[in-house]
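Q: Sending over a structure as structure tokens; questions will come in a sec.
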Amino acid sequence: MKIELVFIPSPAISHLMATVEMAEQLVDKNDNLSITVIIISFSSKNTSMITSLTSNNRLRYEIISGGDQQPTELKATDSHIQSLKPLVRDAVAKLVDSTLPDAPRLAGFVVDMYCTSMIDVANEFGVPSYLFYTSNAGFLGLLLHIQFMYDAEDIYDMSELEDSDVELVVPSLTSPYPLKCLPYIFKSKEWLTFFVTQARRFRETKGILVNTVPDLEPQALTFLSNGNIPRAYPVGPLLHLKNVNCDYVDKKQSEILRWLDEQPPRSVVFLCFGSMGGFSEEQVRETALALDRSGHRFLWSLRRASPNILREPPGEFTNLEEILPEGFFDRTANRGKVIGWAEQVAILAKPAIGGFVSHGGWNSTLESLWFGVPMAIWPLYAEQKFNAFEMVEELGLAVEIKKHWRGDLLLGRSEIVTAEEIEKGIICLMEQDSDVRKRVNEISEKCHVALMDGGSSETALKRFIQDVTENIAWSETES
């Protein structure tokens, strides 16, 4: 029987890329499965890039215009996605038109963590919904636990606990979780209500595909398998590695990679902060002082902070000579490079990279682990404060730049991290025989095994396909 799944990712490029990677793996594992990815497009550039990534004729794309301008707040984005339900409904109806020859059997929707309103459309078609959770299982566990406490009326007003030493027992962690490490989105009653509503919808699904590895987050996956939560499928690490060994047309990127090839193994610290990471002039100066004093070789992907990262991405500095400490380029000319945008995966793959200073986004974290590069985490927004705690305190797979950083770029909060704090983190990160480096190498091997035949990712994907097929058979007997 030919079956069809409909994937609905959020418009964020990192979510789109992870969705495409998982969809490709699923269709490769079952010849009777087809997938249509419905892309909510605000950018023709992102859309054309995504649709060019696959040549499989059982993986198709349906583009839905999100309008002329992307909403500039997450809550507005949620409302906007809800308004697109009629367009999604029409697209799916055409897809499974029973009057067409060889029309597939619609088996379900796989919705992004920020597209849960599309569960309503799946219900209209009488098919199950599954959640694709692009972040880590630990944070998913925290979110579900907070929702449980909220509904039981057993939750604090967390906005008052920012400077307290209160710790929360989170079932997806083995260590008590300090509320100082709680992302700021939970410390606003309005935002808390939004995410609690999302978590309730997570529980309505038939299963949750999580971008993680059992050997990486055993405690979190144990919690998610307790029977009160939809089945979790650890399908990670989902990584887009197609650009690792490609020849770059871009001259600057080629020069960067050649420079790395000339450096000793594990000698370069790489600083890169994702698609939304940018810094003020004052913070740039502090970081430059740290790199100067550390004495390490470095590759620094540096961009200017955006006043609203949902409205416009970080930009490039045009006056670095004026911003950086006097003589910085002269003193570091033989051991460092300051660049703009960077091809992160291709750089992490280079043997010269010995450490990665990162915002701790989950995609970046998995890429770093894949290549066996230890991280120093500097969380900037969203769930990254939790990621930092899990990676540093819970798992021993990273070092910290600043404990309990009080900034959040999404909410317009900032706090300067001093040169001394950054330098200390870099020196700790670049220790060649550290326990963190040894642990990262061990987990890196396990991440590679996860993607091999019979590994945890393949097992989870096959189990998911089996469950989807069985759910169809069950629904047919019920009807």
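The backbone N, Cα and C atoms fix where each Cβ goes, glycine too.
Okay, so Swiss-Prot annotates it like this:
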type	residues	note
BINDING	Ser275, 342-344, 359-367, 381-384	UDP-alpha-D-glucose binding site
Q: Including all protein chains displayed, how many Cβ atoms other than that of Gln344 (UDP-alpha-D-glucose binding site) lie within 10 Å of its Cβ?
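A: Counting Cβ neighbours of Gln344 (UDP-alpha-D-glucose binding site) within 10 Å gives 20.
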Q: Among the binding-site residues Ser275, Ser364, whose Cβ has the fewest other Cβ atoms within 10 Å?
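A: Each of the binding-site residues Ser275, Ser364 was scored by Cβ atoms within 10 Å; lowest is Ser275.
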Q: If you run the three-state DSSP split on Gly361 (UDP-alpha-D-glucose binding site), which class comes out?
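A: Where Gly361 (UDP-alpha-D-glucose binding site) sits, the three-state DSSP reduction gives coil.
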